[in-house]
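Student: What TrEMBL lists as region 'Disordered' is 46-80. Annotation comment: TrEMBL describes 47-62 as compositional bias 'Polar residues'. Residues annotated as transmembrane segment in TrEMBL: 98-120, 147-168, 175-196, 208-230, 242-263, 283-300.
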Amino acid sequence: MSSTVRTVDDAEKGTLEHVSSMATFDTMTSTASTKDVVHKELERLPSDTSTLQARSPDSVSKSKAAETSKPVLSKPSPRPKVSKWLKFQLWFNTYRKFYTFTVILNVIGLILAATGVWQYPRHYTSAFILGNLQTALLMRNELFGRFLYLFVNTLFAKWTPLSFRLACTSILQHLGGIHSGCATSGFMWLIFRVVINFMNHKNTHDAVLAMGVVTNLAIAVSILSAFPWVRNTHHNIFERHHRFIGWLGLICTWVFIVLGDTYDLDTHTWNPNGLHLVEQQDFWFAVMMTFLILWPWLTIRSVKVDVEIPSPKVAVLRFERGMQQGLLARISRSSIMEYHAFGIISEGVDAKYHYLICGVQGDFTKGLIQNPPTRIWTRQLKFAGVSNTSSLYKRGIRVCTGTGLGAALSTCLQSPNWYLIWIGSDQEKTFGPTIAGLIHDNLEGHVTLWDSKQRGGRPDTMKLIKEVYTSWNAEIVFITSNWIGNKEMMEGCKEAGIPAFGTLWDF
């Protein structure tokens, strides 16, 4: 395979030595197999291009192009209408399968308990409530997630059948389905418990009844605030309610457990025996829940940060120390409020720095540009994203658009077996010399940069993906884009039979 990286300087700058201060750039890797095709591509450069350099593993010589007319991009060919079955397959992904299975399993248990067929849940309902809630918290715990990714990446990388590795990635990416399913199920069991208490209200103390209602309300608010529409359009409302009302729910759960376990239904008296309390299984469920919630917060630190503002659209945050690929960081201006997650860019664990690309989308990211911080709060325990499973595959493609580069770049920086396709507008002017330097210094021969402003429009993304997928001999494609772009590429890859994983919004 022949691959050519082309870097186009701003005509006013003139030479490649000024690449760090260019206003715009256009880098492209062609997967053509002959030099004739390479020269055809070179002839498509805009007329204001004065200098170019072509490089490839096949020793394509340096050359300069005469002025040519502005390239006319072929419009992406209209895609055939996607079948409803294909759309359903993408919609009913592993996330929804996990959610459906978890909820149905618990609903069956609830029906058996409510009809009296299964007596155990009626006597030990707290175990079902807290067991579900604990599992929900476990699926979102950074430490547990990192352990799972490490376990899978260590034992199953490259040698196992591709279908098995794809299944591993799918399971790890969609653990949120178990999180949501268990949270919903725990809430249903809690309602069941409160209903039973009110049915037996003559034998139940008023304090137990009251705390049951309060706990139900707190958990209901916490769950409702995590709905995608609320989380994606009203992030601060989501944070305040899901986090702080969730913490209130944990406190109420503790009170509900202690009251329920110390009140004797037969004698109608309190039994404040600590030994009796610790012997109850729901006590230990609550202990584990508390640990899972508190542990990540014990790792937060205020750390030094340098902010580069290459354009009004983007802030690039630089932190000390290197990171492994496929991790995301949560950062905030305060210690407990408004944490936002961004993909970590790093050349490796031994690198001096790692970076976050923060695109301006809301008040928090606007504040990074208008009032750049010198220190910022972050959780030292980073959580793993789907890119962390890239080590499972022999060769892969990382496709991203715009600021999605932040979640994709590390994978390609740290592995020459991963190919980067980045589609954006006015890329270097928008993202600055630091990000451009990382790409130019590390990705020669395995990158395609498409600057839609210079090229006059977006590429035919599926044609590009298919060509690179074939020529690169890839096993997998990871996609980070907006909702529309992700949908189009996922549907295209599904139609083409290309294994792909896209962005999640935790439906």
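Every residue, even glycine, has its Cβ placed from backbone N, Cα and C.
Just so you know, TrEMBL annotations never went through curation; they're auto-generated.
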Student: Looking only at the recorded stretches 147-168, 175-196, 208-230, 242-263, which one has the largest tally of CB-CB distances under 8 Å to the transmembrane segment (283-300)?
Tutor: 242-263
Student: Taking 147-168, 208-230, 242-263 as candidates, which has the most Cβ pairs under 8 Å with the transmembrane segment (175-196)?
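Tutor: Between the stretches 147-168, 208-230, 242-263, 208-230 has the largest tally.
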Student: Let me spell it out: take the transmembrane segment (242-263), skip the flanking residues so only those 6+ beyond its ends count, and list any with a Cβ under 8 Å from a Cβ in it.
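Tutor: Tertiary neighbours of the transmembrane segment (242-263) are 126, 130, 133, 204-205, 207-208, 211-212, 214-215, 218-219, 221-222, 225-226, 231, 269-273, 276-277, 280, 282-283, 286, 289-290, 293, 336.
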Student: The transmembrane segment (147-168): which same-chain residues, six or more beyond its ends, come within Cβ distance under 8 Å?
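Tutor: Beyond its ends, the transmembrane segment (147-168) has Cβ neighbours at 175, 326, 384, 388-389, 391-394, 475-476, 499.
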